[in-house]
Each structure stands twice: as structure tokens, then as C-alpha cells.
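One structure below.
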Amino acid sequence: MTTTSQDDARAARRPIRLFRNPMAKIASIPMILTALVVFVGGTAWTVVYSFTDSRLLPRLNFVGLDQYERLWSTRRWLISIENLAIYGICSLILTLLIGFTLAAMLDRKIRGEAVFRSIFLYPFALSFVVTGLAWQWILNPDFGLQEVVRRMGWEGFTFDPLNNPDIVMFGLLIAGLWQGTGLIMCIMLAGLRGIDEDIWKAAKVDGIGTVKTYVRIIIPMMRPVFITALVLIASGIIKLYDLVVAQTNGGPGIASEVPAKYVINYMFRAQNLGQGFAASTMMLVSVIIILVPWAYLEFGGKKRD
Amino acid sequence: MNTVWKSLLTGTALVAAASTQAAELEVTHWWTSGGEAAAVAEFADAFNGQTEHTWVDGAIAGSGGTARPIIISRIIGGDPMGATQLNHGRQAEELIEAGLLTDLTDVAEAQNWREVINPPSLLDACTYEGRIYCAPVNIHSAQWIWLSHGAFDAAGLEVPSDWNEFVAAAPTLMENGIVPLAMGQQGWQQNLAFGTITIAVAGIDAWREVSVNRNAEVAAGPEYTAVFEAVADARELARDSNVQDWNLATNMVITGQAGAQIMGDWAQGEFQIAGQVAGEDYTCLPGLGLNEIIDTGGDAFYFPVVEDAEVQAAQLELAELLVSPEVQVSFNLAKGSLPVRGDIDLSTANDCMQKGLEILAAGNVLPSGDMNLSADTQTQIEDLMAEFWSSDLPAAEAQARYVDIIASAD
């Protein structure tokens, strides 16, 4: 590929930047178009229509911020945001923590590493719908975990998160962690394997303990790996939908509703596109609010170095 | 989601394959439980037998909430099916406005639907600006409470004859370890119970003011305060019921674990399958025994506009067939619902269906909520009810929020 593109560049009399590497550019046209039309275009369209009173079909009858006013005075939306925050923070911290701990443990050259790795990664092969249903059954008070423990003799044992509005989000969190940590563990493990053996030897010579070596030396060196993991976890949190639908369907009551579910419900079941668009625009805005300062720090800072 | 897409793709493939002389008509619906599937088979058999066209069954698993978005997005997305089930009412209004549904007025006039369909409100719900766009096939009503004789016998009580007696009997039921009221923890069931209690407690006039005329003052008034207090009572009675699906809640009534369930007349199919006899094993009370009024919701078939002339012909033939007397009898006996025609004989129907038919004949009907409030407003009310039933939200606060929803309803 490099030779042909160099030939092409030489063949043109005045190499214009736009026409350099023409084959590569032609090949990427479909993706560029998809990105522009589907992502940028679709986003712009959604934002514009969120200011209209579209019901079942989109129509351009602008009503200003009415949809947003209604959205932020809706109890269900506020609960959804709150739930996503609880789930997001817990899931982010615990996934990283458990994922890294498991990876570090596997990296200690234990016996049967491949077996453990497969076991931990297995849940990731399941869809969220299957995960949700399986955990709905496991957490069912009448024949799941609670009943099993009770039959083992602890009569008073109570663990029924899915029917308790106060802790239902943690029932979802357990299923989410069960599914998600395996992948993060694998990424972390790859990162740990990328660390030079000599660093460990040097640390040992200097008499630094294992835990301290991890915290002070290894983790800072794994920064790119952590960022990859972070992006994967964060996108999983924002689009949290199918797990909730399969496991609790937003219940009990509206205690485990999430924003994505609000969007789908209002767009299709309530046949109120405007309200659904307003909610999805708010989801986009919240992502941007988190992403922009981070991107600024990450990429803006490098130029100054 | 994957299975949904797969079924969509299969459906598309089926339509694409249809290119024979007599048309193959793809019919989508969400009747998938045992009794429902048997009822649909009556339609399919009649259509295959009496016309030269073929019925291609496009059942969509899951309830209307799952199927409706799929159906609507297929119609909007330019991949219409030949015919589809929808609940009549305002759901299809915008599709009609957009010119996506076939006008059935000619068939309706030829078959004299205006005269034979009873109550006339069913046809009104299909009518938009004087034209008819759907064929009603059955009547379902939500205002029923189902009482388990087994549960009341076990507690040594008489089976109550109305809601007030039931509430009075509830403490004794609880002492005997029976859950007084079975309630599936899903918004639509809680909303259905709310609607039923409203009509029973507040009465028809107050209900009409709020649900049809959207009068927020009445919604804030004493009649509705009584309603919200009654619902708060019912919430306490259903405290120990932690099932999700309606048929599981019905099963609690069938097995005597629960005293009663507020559910639509489709619950009857469950009692039938369990081999129970109306009046002996269970009792049904329309309007909670207080106000014997039933709504006239139900199912109707809509026919999306298609280009193929043969399919168009098949659509009109199916529309005619669905309302014809023989098909009405066989379908509704299988489904346990009431027929849309007042001029046919249903003497083989059971106790509960007879009660429904009597109320229908007496004209004690009200239009279904589907016909009055938009899907948007109904979803808001459903969200409120889901929260109210499964939290400790005070009745007064729930009422205040209900008033807000009604005030902003369109």
C-alpha cells in the first residue's frame, strides 16, 4: 500500500493534499458518509425536532423549550437520572477495582490461569438480556439465592433487592458487574503483560513491596490501558437499557428506570417523539459535559508539553 | 432486541416471497397465549377456507406494548403488512392523518356495519372524519374483579358481592395467610386497577368529566379523593403480592393463594384452562359490584395502504369476513371476549360472559380509555400509578400529580 500511494503522489504534478493517498480516501468515503449522515446528521435532526411538539410522526411545529420543561418536571426522568448516577459511579469504580485485582492475581503466574481467565470472561459472551433474566431468577426470593440460603439453615436470611425500591439498583449492579468485569480483567491483564520484566526486578532490588510496586509504578505506566477500559465502561453505562428491561423492566414501580428506557418508552409507546427527542438530547448533553473537559485535559495538555 | 429484528426480517422475507395469483396476506397480531392463538386460528381457517387468499400469520410475541411499536414502525417505514391488529382508539389517529391506512367505508356500507355493530361507539372509534378505517372484532372490558371461592372458604367467609364487602373481609383473609388482592407489579396492571376503582367509587359522571372532558377541577374534587384513598387501601391489600405478570397473579386467585384480582375479562381464559367453573370455583363482578358498567375497548384490525392490487382485494375480503356473524361467534367463544354484533346467538357462553352480554344489551357501557386520552397522557398516568402502587406515596400527593397530568392533557 505504501509504495502505490508514493507512486501516485509522484505521478501527480502538484501534489494536492486532498488527493494524496487517493485509494485510502476512496475506501473511507462510505465510512465518512455514514459518520456524517447517520451520526452527525441524525444527532442534529434529533436536536432540532426536540424543540417541536412531534407526536407519533415528526412535524416541524416549534414549541420552544416546552418539552424540556416537561422533562425536568417529570418524576420518572429525575429518578432515571439518579439511578444512572448511582449505577454509573458504582459500576465505574467497582469494575475497575475488581477487574484490576483479578488481572493482578492472574498475573502472579498462578496455576490454571487459562481456566480462570475463561471462567471470568465467559459472562461477557452472554447478551444483557440473558444476563438480566438469569439474575432475575437468581435473585428471586422464592426460589433463588435467598431460598437456597434459607434452606441451608439461615431462616432469617433476607436478600431480595429486586422487590425493594431502595436497593433495586444494586441488584442490577451485581448483574452488570458479573457480566462486565471479565472483559476489563482481560484488558488489564494484557496491559500488565506489556510491562517490562526488568521493572519488577528493579523494584525488587530497591526493596519495594509488591502492592506498592503496583500502586506507585505499574498503574501509572498502564495509563493508556485504563483509558481504554474507562471508555468501554462509560459507554456501557450510558446505554444501559437491555439489562433493566430484562431484569426488572423498570420496577418495582419506577424505582429502576433509566434514561435510555425513558427515551424508548416516550418515543414509541407514548407516541410522543418530541419528548423522547428532548430526553435523548439531554443524554447527549450530559455525555458532552463529561467528555469535553476530559478531552481538553487529555489532548489540549499534550500540545503544551 | 435480536429476536425482534430476526422476526422482522423473517416477516419481510415472507412478504417478499408472496407473488402468487391469489394474494398471501400477512397479518400481524400479538395474540400468542393458548386461548388467544386458538381464537386467531378461527380467523385464519375462515380466511383460507372462504376466500382464495392465504393467511400468513405474523404473530409478534410479547404484549401490545412490544408489538405495537414494531407494527407502527413497519407501517411508517414503508414495509406495511397486509393487515394488523391494534386496539381501536386514538393509537392509529396519526397514521390515518398521514394517509397510511386503507379506507374501509365501502365495505362497511355494503355490510351495513352502522346497523349491526353494537355498541355503536366501537365503530365511532374506527371512524375518522366520516370515513371508516378499521374492523372491530371483539369487545374487552377491564372493569372486573375475580374472586377465589377457595380462598374465602378457607378463611370461613362468604364470597363478597362488592368491593366494600371485599375490603371488610380482607383482614380475615390476611389472618389466614391469604393475600387479599393479587397484583402484578407492572404499570399497566396497576393503572387498570386504578381505572376500575375509579369507575366503581367515583361513578360514571365524575369519570366522564375527567377522562373525556379532561376537567382538572373534578380530578381535584372529593370524588377523586375517595378514589385515591381506595387505591391506597388496595395498595395495602396487595402488599404481599410480588408477582410480575398478570396471568401469574390470576394463578394466585385460581390456587386460592390470593382472594381476588382486579383484571380485564381476558383473565377468564386462565380460569377456563385451569378447568374452573364460573359461579362455582370463582366469581366475577363487573364494575367491582358497585357500578355495573363496562368499557368497550377491544381489538380491531387495520389495513395499511399497499400497492399490490391483489393484496388490496384480499384486505377488503378479510375486513368483511372478520365482522361476519359466523366468524364472530367462533372467534369470540374461543377468546372469551364479547362479539361486536348484537344480532347473534351466544347461548353457549358461560356465566361471566352472560353477565357481560346483559350489561352490553342494557347499554351500560363507557368508551374505553384508549378512545379518550392520548397514548402520551396514558403513559404519564401509568408511570404515576406504577410509582404510587409500589411506594409509600401519600394519596393526596398522587392526586395532585394526577390533576397536573389531566390539566396538561391534549
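Each residue, glycine too, has its Cβ placed from N, Cα and C.
What TrEMBL says about a protein is an automatic prediction, not a curated fact.
What you are looking at is a predicted structure, and each value in this text was computed from that prediction instead of being measured.
The annotation domain 'ABC transmembrane type-1' is assigned in TrEMBL to A:81-296.
Here TrEMBL flags A:26-51 (among others) as transmembrane segment. A Cβ distance under 8 Å defines the sequence-distant neighbours of the transmembrane segment (A:26-51), meaning residues of its chain 6+ beyond its ends; these are 58, 60, 62-65, 67-68, 273-274, 277-278, 280-281, 284.
The annotation transmembrane segment is assigned in TrEMBL to A:84-107 (among others).
Annotation comment: TrEMBL describes A:119-138 (among others) as transmembrane segment. Distant neighbours of the transmembrane segment (A:119-138): 102, 144-145, 162, 171, 174-175, 178-183, 185-186, 242-248; these residues of the same chain sit at least 6 beyond its ends, with a Cβ under 8 Å from one of its Cβ atoms.
The transmembrane segment annotation in TrEMBL covers A:167-192 (among others).
The transmembrane segment annotation in TrEMBL covers A:213-238 (among others).
Listed as Cβ neighbours of the transmembrane segment (A:277-297) (distance under 8 Å, sequence separation of 6 or more from its ends, same chain) are residues 43, 46-47, 49-50, 54, 67-68, 70-71, 77, 234, 238, 259-260, 262-263, 266-267. According to TrEMBL, the feature transmembrane segment maps to A:277-297 (among others).
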Non-local residues, at least 6 beyond the ends, that sit with Cβ under 8 Å of the transmembrane segment (A:213-238): 84, 87-88, 91-92, 95-96, 99-100, 104, 176, 180, 183-184, 187-188, 190-192, 194-195, 199-200, 203, 260, 283, 287, 290, 298
Cβ-Cβ under 8 Å with the transmembrane segment (A:84-107): same-chain residues at least 6 beyond its ends: 113, 116-117, 120, 169-170, 172-173, 176-177, 180-181, 183-189, 191-193, 214, 219, 226, 229-230, 233-234, 236-238, 240, 258-259
